[in-house]
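The next block holds one structure in the form of structure tokens; read it before the comments.
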Ligand code: ASN
């Protein structure tokens, strides 16, 4: 059996991986109130890995487990969690050849997107995974997801933040959770898979990786997200009948510094000049207002339709085909830095880590 990398063959056993356990269903156990994050993970994982055949076990890289954050259901994660994860990786960066983050699935793609911006220029794999069922559930998805994540975390050709889930390797900043129950819960709507499991092989497609395009030199950007954790960036999905007073109730609040709008289709909004006025006045005040589509797939093209024509004049930034996760965490990342508004706007429109 071979572990294929089209760049070079590699020996997973020679890698040393740090597994960061944060909670999520993957490590949950039943309590009287339902599933709850649970500890003692190293021992439980040892026990689970014993179910693999000796050959499969032997092909896994060696790893250590770190669990320094409070164990959470990932619905409790916020920008501080993203910042802590990045700083854990940066602190251990030289000691490990790759990283696996075990994370709840509900906001896993948000953490992945944020890490991609914070760890720009990353020269080794950071793989997030989780599970739809806890580790101890017979024939659940947890063990396979961990196995695949460890394999890809041991592949030195992979040099970016990615998600391994249900046999698929997805670019972290391109992925979304698309199913609340199925094992195949994640998709990358506007970018092809970075790799996949085929039979016993974990295949990486290097031509699609950041290393082949724009990785550049390591230049971790670790701004302090704390000032933005109290509601500075909002997300508004349009609905038929949305009014200007509703939009301005959020956008005109001085605590709001950035907004992600989810428009109709290729970039339309209701034909209400007052809506555009609210957007124009927010961007006139230096707030970053960006727009993507509500459609799970495709891009916005602001100004293609008369119905969306005023958006560019109102200073709204096109989010192109970015996921909500990628666009929102990019706003947080840019607003956390002491950049002039013009530079924040320019960087929003520039692909930084293959997010657009
Ligand atoms: N609620 C869980 C979480 O995000 C869902 C999961 O992990 N499957 O932590």
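A Cβ is built for glycine as well, from the same backbone N, Cα and C atoms used for every other residue.
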Candidates 67, 74, 80, the one TrEMBL lists with 105, 106 as binding substrate: 74
Cα-Cα distance maximum in Å, computed over every pair in 74, 105, 106 that the record assigns to substrate: 7
Alpha-carbon spacing, residue 74 (substrate binding site) to residue 25 (active site), which is rounded to whole Å: 9
Shell list (substrate; ref centroid = CB of 74, 105, 106; cutoff 8 A): 24, 25, 73, 75, 103, 104, 107, 108, 130, 177
In three-state DSSP terms, the structure that residue 25 (active site) belongs to: helix
Inter-residue Cα distance where the pair is residue 25 (active site) and residue 106 (substrate binding site), in Å: 9
